[in-house]
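As written in Swiss-Prot, here are the features:
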type     : residues               : note
ACT_SITE : LYS175                 : active site, proton acceptor
ACT_SITE : HIS294                 : active site, proton acceptor
BINDING  : LYS201, ASP203, GLU204 : Mg(2+) binding site
MOD_RES  : LYS14                  : N6,N6,N6-trimethyllysine
SITE     : LYS334                 : site 'Transition state stabilizer'
Amino acid sequence: MSPQTETKASVGFKAGVKDYKLTYYTPEYETKDTDILAAFRVTPQPGVPPEEAGAAVAAESSTGTWTTVWTDGLTSLDRYKGRCYGIEPVPGEENQYIAYVAYPLDLFEEGSVTNMFTSIVGNVFGFKALRALRLEDLRIPTAYVKTFQGPRHGIQVERDKLNKYGRPLLGCTIKPKLGLSAKNYGRAVYECLRGGLDFTKDDENVNSQPFMRWRDRFLFCAEAIFKSQAETGEIKGHYLNATAGTCEEMMKRAIFARELGVPIVMHDYLTGGFTANTSLAHYCRDNGLLLHIHRAMHAVIDRQKNHGIHFRVLAKALRMSGGDHIHSGTVVGKLEGEREITLGFVDLLRDDFIEKDRSRGIYFTQDWVSLPGVLPVASGGIHVWHMPALTEIFGDDSVLQFGGGTLGHPWGNAPGAVANRVALEACVQARNEGRDLATEGNEIIREAAKWSPELAAACEVWKEIKFEFQAMDTLDK
């Protein structure tokens, strides 16, 4: 029997239920460099003190349970327990608090996003003492970051592989997302790539359905890629969605894509799961494939301000799990995304060191210690009139993806691609000449449209299209 066990045994085991805050609320605790730190938005039930609510979160997401148990005496709770080390009220919200929790690193399996989330956001989100709970941010210590491989390539290596520099990359999601035959699908891919796009994309729910089986789609898309490359002299790609019902089937599809010689595959990382995503990312790393990530199902998890997981946490988890691109919202399109919040998690995806900045929703300083970065993908309800704003907001290290904004062109798919490429080149040139895209954007597009009939036609079609709705997830004032 260890000295520690002997000491506890001599005190005697006291059965019963006690307040969580007696053990798990430790405002005097000084966080360690090796701790995983979490910021939770906590809404306690009426009558539950915020300190008790924060302590309950720390307990239920680490070593605690609802009653004292005899086996507590067989381990060191001080070493392994989570600690709520700070509580602060949320400005402008009644009975809502930010609870800061520190977790010892030994609680987590190395290189496993799955295990990290199972602990931190597992059972605790159904805890009755809380009306609502949201994980706002995580600080991943460098010691834990180093157990992950992360993205296969990183931004600079991807640019080198594609030989594309000095501008955002251009993409298009093939529409309609469901119902096309494989041959017609491949035709649309070819027309878009030939027109000037860098990538085309399977939509998130294109897997292997009766109207288009995955192998047929892969073959016709590969033909489109190689034909468009030969005609344009540019490297092209199509995000072949390898997401499947089993990990084995997913890997079979990724292997076939590699055998075809295409540059990139795709995965729906939330519906597919982090275990599957990490496995696919490791395969892509070993076999020279880029990995595009779609965030299908994210809004179920992150859209409500008081409950769920903020997308900045899901973005950090993806960078750890592995992926070269991930959809990040557009700010200006049809999908949710406030500007400052979006730019906050875009920096968390791309940069190596990000300072704490509550004005952008970043609760902790994050050091990625050279873990490769991820390209944010702006996609959803965007068209040529949005090009100046997108170029200004996201900068060069991004993918701007126009689905309907390419395929909805009145003259067809290839002219739609031409219009987007011309608009992008015009915005990049104007920016490089010192013009302000935020204030002169529309003028820049009109000037370019004078010598591009394809762009002029696109401008006419979408001149009145706007998506002006207030974002659900906003910064605390």
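Cβ atoms here come from the backbone N, Cα and C positions, even for glycine.
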Within its own chain, what residues at least 6 apart in sequence put their Cβ under 8 Å from the Cβ of LYS201 (Mg(2+) binding site), listed in sequence order?
GLY171, CYS172, THR173, ILE174, HIS238, TYR239, MET266, HIS292, GLN401, GLY403
Look up HIS294 (active site, proton acceptor) in the DSSP assignment and reduce it to helix, strand or coil.
strand
With an 8 Å cut-off on Cβ distance to the LYS201, ASP203, GLU204 Cβ center, who else from the chain surrounds the Mg(2+) site?
THR173, ILE174, LYS177, ASP202, ASN205, VAL206, TYR239, ASN241, MET266, HIS294
Going along the chain, which residues six or more apart from GLU204 (Mg(2+) binding site) have their CB under 8 A from its CB?
LYS177, ASN241, THR243, ASP268, THR271, HIS294, ALA296
Would you find the one among the active-site residues LYS175, HIS294 whose Cβ has the most company, meaning other Cβ atoms within 10 Å?
HIS294
Measure from the CA atom of LYS175 (active site, proton acceptor) to the CA atom of ASP203 (Mg(2+) binding site) and give the result in Å, rounded to a whole number.
8
Just counting, how many other CB atoms are there within 10 A of the CB of ASP203 (Mg(2+) binding site)?
19
